[in-house]
Amino acid sequence: MAKQEDVFKKVVSHAKEYGFIFPSSEVYDGLSAVYDYGQNGAELKNNIKQYWWKAMVQLNENIVGIDSAILMHPTVWKASGHVDAFNDPLIDNKDSKKRFRADVLIEDYCAKLEDKAQKEIEKAAKRFGEAFDKAQFEATNPRVIEYREKQQKILSRMAKSLDDNNLADVKSLIEELGIADPDTGSKNWTDVRQFNLMFGTKLGASAENAMEIYLRPETAQGIFVNFLNVQKTSRHKLPFGIAQIGKAFRNEIVARQFIFRMREFEQMEMQFFVPPGTELDFYKQWKEKRMNWHLALGLGEENYKFHDHEKLAHYANAATDIEFKFPFGFKELEGIHSRTNFDLSAHEKHSGRKLQFFDPERNESYVPYVVETSIGLDRMFLALFSHCLKDEVLEDGSERTVLSLPPALAPVKAAILPLVKKDGLPDFAEKIFNDLKFDFNVISEEKDSIGKRYRRQDAIGTPFCITVDHDSLADNTVTLRERDSMAQERVKVEDLRRIIDEKVNFRTLLAKL
Ligand code: GAP
């Protein structure tokens, strides 16, 4: 089995074993691509939300946050284009009866060509050592050029066929490339069909009067339709932004990578409304700001890259993805899009209401342009969780699993551990708990040996363990153990709050932005 599959399996099992993520309705064997967050998962998720909300809303004078409803008037989705165009091309394998996204099968084929190109580059790098000039090799090596040209040709043809809704050609491409069902090797495919990803439901008491509505597939439209309400009541002038965190639903055809692609998930989105003609400057600024937000977490610059879109949606004039190195490779974590005035204009047209801003400097009214930043909360969770989960071999040869989360995001900030369950140590621990609980999420644990308790806290990412022993009663000191270095120091009980706060507060993180 490939190593990255092992890593991913470990991520999934660790998330379940330590109360981060459970399959939804597990007692009924689960519901595909739907997950529940457990006691530690909910804390981590809340902390990620806080980091995003504080960075976007609290630190920016001209951004406010809202919380709009999941259910919206159905015309919203007609105007936004989701009713007509929020489709994925699907294909079934007649032998295995498995369903695939046709575009993903083709993209995976291209990814294999890229792997081959990378192998050539790696081989050459080894052969030439320090003298290796990667850029020159990529530009001149016939095999690398061939692999890349082939990818380009395939992807352009697919993009054109999808654009023209020529689904027969998408199927021909799959057949010409000899793409087989990855699990069974069968090449017996059905035709390609379009499949709308929105979940429909009904609003109303009786069947005759019920209105067909949708669970929102993105939170952004709740921001667009509230643009004027917020602008007028907040009295913000352009440029200003509206942020929101909330659930979104997509009936994904293939949802295999744990919480990477879910049917119910959360988005953290911000729409920045700007005067026409200034949008590309703000787009550049937001690209930089959002990348800094990620880098401040300290997971390593090499694990992020921009993927600028060459082919743009008809309403966008610039778009990029921030990709993260997940255990299964670089994949989209966040999207940043310059969406022109497409959405507000579409809502003006469908609602018959003006959604404009009177600009006193330009002395004119116009439909604002929009730069959007959109990140999946669950994907951000997976990025952090998979990157921070590590198996370490210690100096004495023993092993530990540690979740080295940025301290501000850790579910539990400190665990208070009385060495034994007697001699007044639990009471002493309780006093510390009762003092710290107003500032931090802390827990107290008495069961098992101290070593086992340390390991358990390492596994859920707790930055500090506070051990209460017999000396504590005499001199009011405790042993403070730090998660990453495992260094232990004796500290006064009255210094605990300050020491913990210095390490775990959001200020330190936010000050880096
Ligand atoms: N309003 C723009 C929008 O929704 P998107 O690229 O479709 O754009 C934005 O989604 C982000 O939402 C993605 O970058 C990803 O992080 C997250 N996302 C999208 N679909 C998802 C899914 N099925 N499961 C989990 N996260 C998802």
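Cβ coordinates are placed from backbone N, Cα and C, and glycine is handled just like the others.
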Record-annotated substrate site (TrEMBL): member among GLU146, GLU149, GLU218 besides ARG101, PHE265, GLU266, GLN267, MET268, GLU269, GLU372, THR373, SER374, ILE375, GLY376: GLU218
If you draw a 10 Å sphere around the Cβ of ARG250 (ATP binding site), how many other Cβ atoms fall inside it, taking every protein chain shown into account? 22
For THR373 (substrate binding site) and LEU333 (ATP binding site), the CA-to-CA distance in whole Å is 11
Looking at the binding-site residues GLU252, GLU269, which one has the fewest other Cβ atoms within 10 Å of its own Cβ? GLU252
May I ask which residues of the same chain, at least 6 positions away in sequence, place their Cβ under 8 angstroms from the Cβ of LEU333 (ATP binding site)? HIS294, TYR304, ASP321, ILE322, GLU323, PHE324, ILE375, GLY376, ARG379, MET380, ALA383
Cα separation, ARG101 (substrate binding site) to ARG250 (ATP binding site) (Å, whole number): 14
